[in-house]
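Student: OK, TrEMBL features for this one:
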type     : residues  : note
TRANSMEM : B:45-65   : transmembrane segment
TRANSMEM : B:77-97   : transmembrane segment
TRANSMEM : B:117-134 : transmembrane segment
TRANSMEM : B:146-164 : transmembrane segment
TRANSMEM : B:184-206 : transmembrane segment
TRANSMEM : B:218-241 : transmembrane segment
TRANSMEM : B:272-297 : transmembrane segment
TRANSMEM : B:309-331 : transmembrane segment
TRANSMEM : B:337-358 : transmembrane segment
Amino acid sequence: MRERNFMRLLRFLRTGFAVVLLPTLLLPLGGCWDRLEIEKRAVVLGIAVDSATAKEAGDDNKVTHLGRELPKVETHKLRITAQIAIPGRIPLGPGEGGSGGGKPKPVWVVSAYGHTIDDAMMVLQQKLSDRIFLGHLRVIVVAEDVARAGMSNINDYFRRNPQVRRLAWMIVAKDEAASLMAANPELKRVPALYILAMMDHAVEMGKYPDEFVGKFWSKRSSKGRDPHLPYVQMEAGETFSLKGMALFDGDRMVDYTDPLQIGVFMAMTNIQSGGYSVYTPRENLMYRATYRSAKTRLKIENGHPHFRIDIQVEGNIEEKPNESYDLETAAQLAALEKRLGAAAQKGALALIALTQEANADIFGFGELVRAKKPAFWNREIRTKDNWHRMYKKSTFEVNYVIKIRRVGMKAE
Amino acid sequence: MNRPATVTTLQAAALVAGSIIGVGVLPLPRVATLAADTGGPLVTGVAVLAAWLALWLITKLGTLFPQQSIFQYSEILLGRWLAAIGTLLLICFFAFLASLAAREFGEVVVTAVLRKTPLEMTVLAMLLLAAIAARNDVRTFSYIHMFYLPFILAPGILIIALSLKNAVSLNLLPLWGNDATALSVTHGILTIASLFQVAFVVTIVIPHMKQPQKALKASSWGVVIAGGLYVAIVLATIAVFGSEETRLLIWPTLELAKTTSLPANILERLDAAFLAIWVTAVFTTLLSTYYLTIHAISQLFRLKDHRLLTYFVLPFIFWMAMLPQSVLQLYQIVELVGRIGLCITFGYPIILLLVWLLRRRGVSSS
């Protein structure tokens, strides 16, 4: 009898246990701490960073600090402009996109001021009802004067933030960066995605190396290489054009190149899909590179590195308006190849000289020394500053071979 | 101890590999580059070799007593009280290792994914999972490892393969590194070798193996699989980021997953997928550590059944997991504990082996 009672008690306990335990187990399924509906997020697609004068920035917002604790030194103030996607208005397919006539804008552009990026972000958050979400951040645009003053602020924030993708693009804008956020391109309804498409397609067409922000950071850290970023300029409030490469000496932007020099750079660094066309004034024709390859050899001569770069570019004739200039035999093509090659060689040497002058070894010649001649590197260089000094002393020999393979659909 | 011996050699190998691959994968490339910048892969390789040697000795010892676990034959060799001290040291170490693994897991989750979820919840969830799974017998335990190993290896290999698109071979030269010093390299080798300590679990599996004499083969394969993955991860990370950038990343392997995208824009970032799978890797490691701890305790107190202990130990392990005050302190403790652990998990079996040799000589001479 007692035993049966005991069994009954046990069964009761077991049922009770199940009744209590099961809901407890179900509880965490519904309400995670990190649950955040997609429409309750302020999804930032692009961020522009500009410098701000004290007058523009106005008084300190005192969101992240109390004014009196600020150091007496005048800190550099920043203005960030964020492009936030408005839920429900982002066109999902080509059908929805259309010309966008009369439709409400799919993004909202807001800006805020601060001493650092995070300071400005917090000021921005103070203005927004929804939590800022950077997981879809695709483009970071930095104004030229900010880049020239130094990128460490920007690099640190975006590196530290776990939401930011390393595959986002970082670009330098001549003049105001915020204008890119407010751009109104005809081809895409979301300006940030337009910038992204522009850069992605530039990579596909061989007009720019695939330099996502993660690569910029890696190059920034490496001792024998300096980073570069796309350098763009706003055109008439609608679109922007790729103006060249912004060259960096460590954290600071020091100079920029011409657009065609991107092609030279890509040829020298063995990025194979070619995409630049060259106009030759003397013959009045256009030559388009389709394939590039390069090999760099390194020797140590008289205590400094000597680099020999062999470049071969293949391409086609695209246009020849000058009818009196004959292009019928292989010998004529070969003569043209030679002249183009000589011009290209000059161009390559000029680009090297530019980077030597600017202390910006964007090619990574220093990495070659570090990797291939470690004894020399350890004895003479070791640091990035020393490499910059050595880079100025380095000598270069460029062999630029241009091949013309095809002339298009028109003979002669 | 008259349960049927059922663990196959393959299962034992999977068990060793699955136990090794764990939380340590995430900071591993940073540890390797801190030791010898571009020489990181080489340092990792040497560490794998060292770990293999150590595990070989431990397994060799185990095969000398194919019917018993280390806690049992240590009593034969050292006597009950001396052996109890050794077992107690092992218990403390593995309990602490389990708590640190759970904490490290929690820190990654709180920093990178679930930023508002309390750390305690993720740590507790993981420990509870390990505690529940640790209630099984050795057979199920090895099945669990066997089942999960492909899920741990496949995504790791996938991420390594896909990241090669961004790899720069110059980043891996010179092979021995630019700034490596003897001190930093030894430091690195010890730290990386300490990631292999959970393989010690093989000592309690040997008595349950169908062919205990094949334990050597099993643990060698386990180390080859886990070590191969480790070297490959270090290689890929340094090739993609360069050694200088790798030093700046707190969890370089996670950043590698973040930088890697599947072709044709199927998945633009793999970090979420990677973390989901990495949970499994942490789980199997934690399970082994937990299992080892409670097995040691139940043998120390001569309990018939280890199940009772699983929940009893949980609060202590959880409490220890909450001890480190910050991520940086956590990693300092992890390094220190790993160092001490090497003395325990490697030194103790060596002492046992020496005693065995001396005794055998004594027997043969008398």
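Just so it is clear, glycine is given a Cβ too, placed from its N, Cα and C backbone atoms.
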Student: Does the transmembrane segment (B:184-206) reach the transmembrane segment (B:45-65) with at least 3 CB pairs under 8 A, where each pair is 6 or more residues apart?
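Tutor: Output yes: the transmembrane segment (B:184-206) sits against the transmembrane segment (B:45-65).
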Student: Kindly say whether the transmembrane segment (B:146-164) and the transmembrane segment (B:272-297) touch, using the definition of 3 or more Cβ pairs under 8 Å where each pair is 6 or more positions apart.
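Tutor: Yes, the transmembrane segment (B:146-164) contacts the transmembrane segment (B:272-297).
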Student: Please indicate, using numbers and ranges, the residues of the same chain that are 6 or more beyond the transmembrane segment (B:309-331) and have a C-beta under 8 Å from a C-beta there.
Tutor: 27, 95-96, 98-100, 102-104, 106-107, 111, 120, 123-124, 127-128, 131-132, 134-135, 250, 290, 293-294, 297-298, 303
Student: Under 8 angstroms, Cβ to Cβ: which one of B:45-65, B:272-297, B:337-358 has the largest number of such pairs with the transmembrane segment (B:117-134)?
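Tutor: Stretch with maximum Cβ contacts: B:272-297.
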